[in-house]
Amino acid sequence: SMNHTTVVEFVLLGLTNSHHLEIILFLFLVIAYFLILLGNITVISITLVNHFLQTPMYYFLRNFALLEITFTSTFIPSTLYSLLTERKTISLPGCFLQMLLFFYLGTCTFFHVATMSFDRYVAICRPLHYTIIMNNRFCFQLVLACWAVSFLLMFPPTIMIVQLPFCGPNVMNHFYCDTSLLLQLSCTDTGFIEGLMLIILIIIIPGTLIVTAVSYGCIIITILNIPSSTGRKKAFSTCSAHLMVVMIFYSTCIYRYIRPAQRGGQDSDKVLSSFFSVVTQMLNPYIYSLRNNQVKQALKESILRAFSSSLRQL
């Protein structure tokens, strides 16, 4: 079918067609991308060098930080380039690659969130068995499973989409190559692929949401049984921050990809996509890691150590 393909590039309309709004959005995305990189690189660095942070929780957070950097790097740099130069086109192979990476890494994000919630469940609800259950081997297997299962789920529909013919039109009302919009632009019947994608998304999004919700539900019940009111308040503060980010992430993804008549192309879809692909990614390192007292203490020690080292050299 690729022999009949006449489209060699796609036109991405981007986030807006207003020049003034483009300047504002460019500044917002630059700041957001900087905060995403800064927050996640800090998490990776501090959890690698500090021996007090060599625990399962920080192992998962380190992998999650790496995932966030790669996920946002699949579309934010190209979106910034588009806003800066007003170049709205992307080649056919480039579009397929962006689509594959975006949805593969996005799928990994769901599984990592569920894995981290399970880790917190074991730590809070089964503290005596934590070191036995969450040993190094099991943690590695969980992370490997997140990457492997995500690939196995996304690979079949991606191969099918790449083989579709595209005869025009070639305009997408989005800021990255979205699967649902690609399927709409194909000049052949895509009903089977759309059905397969919906089944896969139902497995991924509600499936991981159930794990996350059950884990946090058990955590909340355990917190309520804490005798100290100060301990309950502190635990609820951390838990509520996690839940806020999880709710934004899941609700926008579910409404965007699993709602009835899910075929995209509206401006509202771009707003929803920006929430789960940019806003939550910007919040995650600060909510999950940098608010943690152990991380803050380790960060202070590292800064003081670096400052003292600089003074000695002078």
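Placed from the backbone N, Cα and C atoms, the Cβ positions cover glycine too.
Taken verbatim from TrEMBL:
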TRANSMEM  23-53  transmembrane segment
DOMAIN    39-288  domain 'G-protein coupled receptors family 1 profile'
TRANSMEM  65-84  transmembrane segment
TRANSMEM  96-118  transmembrane segment
TRANSMEM  138-162  transmembrane segment
TRANSMEM  198-224  transmembrane segment
TRANSMEM  236-258  transmembrane segment
TRANSMEM  270-290  transmembrane segment
Open item on the list: Counting Cβ pairs closer than 8 Å, which of 65-84, 96-118, 138-162 has the most of them with the transmembrane segment (270-290)?
Closed with: 65-84
Open item on the list: Counting Cβ pairs closer than 8 Å, which of 65-84, 138-162, 198-224, 236-258 has the most of them with the transmembrane segment (96-118)?
Closed with: 138-162
Open item on the list: With CB pairs under 8 Å as the measure, which of the listed stretches 23-53, 138-162, 198-224 comes out on top against the transmembrane segment (236-258)?
Closed with: 198-224
